[in-house]
Ligand SMILES: Nc1nc2c(c(=O)[nH]1)N[C@H]1C(S)=C(S)[C@@H](COP(=O)(O)O)O[C@H]1N2
Ligand SMILES: [Mo]
């Protein structure tokens, strides 16, 4: 029922920006005879090369990111116009590195993501630990182009690479009494200046924690991301492993995860602890439920061009994924359970 050739949550043709270039890159690969064994659909791995072939400016920031092969996915919104990689890398919320949008990129350059371990435990029959290489090799990687909607009313379209959280949870084999999944970010104040200073870290009590109901966590759209634009994640985007829940406000998509615990109780979540009347546990994108301090009816889409020329567009119910996820919330008052 979910698998559709043309996802019905896709954007209109008129929204096109860099998508043509993205497709062109795939065409060039084909013409060059690079048939991409193990890389069935071109990733963005060699953006610099393609940019030069296309005669446009190479926009690569120097980094140590490596190419990741991935399959395309039926859950990808392939018609979305992509936010340029450079903006996804430079305009971030990751308060562990500071509260300005430019802080995460500026302060996370030496963040150590290898070695890394993610513990999966709690109410599971098969507790397990993923090491750094497991993160990239244990599950087939898919590319998923998703909308990302921050509660602050800006949005991006991001080509993530990752695997369904459901695949990992199935491997851990949740017990019948497990009802929620709790996530935790690394706690390391030596590496994360926002954890060492309340001022830099925005007054948050670290580690950053998040949670989902088990049915939300098992939903096929819920992704564990390990890369974007064809490469592994940069630290500022939550390297080496983060959550992406496309129908919820961005703060649910917790970065740099070290612990995943199955529980029978709704777990505490960072923004809800900080301001419970402003940020709920559910945090489903909803144009009809405003933030107490601003409207959620529209959003500033960050695409091509300058950050300030970005265009306003209407917010979509469940961020455009209503057909896929609305059933999860049947009978709930979304005003009260925001
Ligand atoms: N650990 C942690 N995860 C986090 C945050 C954070 O401050 N710390 N910010 C969240 C918010 S508010 C958003 S909008 C997204 C931003 O992801 P991006 O910077 O990759 O676009 O990450 C989310 N995950
Ligand atoms: Mo956000």
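One-based numbering along the chain as shown.
Placement of Cβ uses the backbone N, Cα and C atoms for every residue, glycine included.
All annotation found in TrEMBL is predicted automatically rather than curated by experts.
Because the structure is a prediction, the values reported are computed rather than measured.
Listed in TrEMBL:
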type	residues	note
BINDING	92, 95, 96, 150, 185, 237, 242, 253, 254, 255	Mo-molybdopterin binding site
DOMAIN	112-271	domain 'Oxidoreductase molybdopterin-binding'
Checklist outcome for this item: Taking all protein chains shown into account, the Cβ-based neighbour count within 10 Å for residue 96 (Mo-molybdopterin binding site) is 31
Checklist entry - Hey, what's the Cβ neighbour count for residue 254 (Mo-molybdopterin binding site) at 10 Å? => result 25
Next on the checklist: List, in residue order, those binding-site residues out of 92, 242, 254 with a Cβ under 6 Å from any atom belonging to ligand 1.
Outcome noted: 92, 254
Checklist outcome for this item: DSSP output for residue 185 (Mo-molybdopterin binding site) maps to strand
Checklist outcome for this item: Under a three-state DSSP reduction, the secondary structure at residue 92 (Mo-molybdopterin binding site) is coil
Checklist outcome for this item: Close in space but at least six residues away in sequence, with Cβ under 8 Å from that of residue 242 (Mo-molybdopterin binding site), the same-chain residues are 224, 225, 233, 253, 254, 255, 256, 257
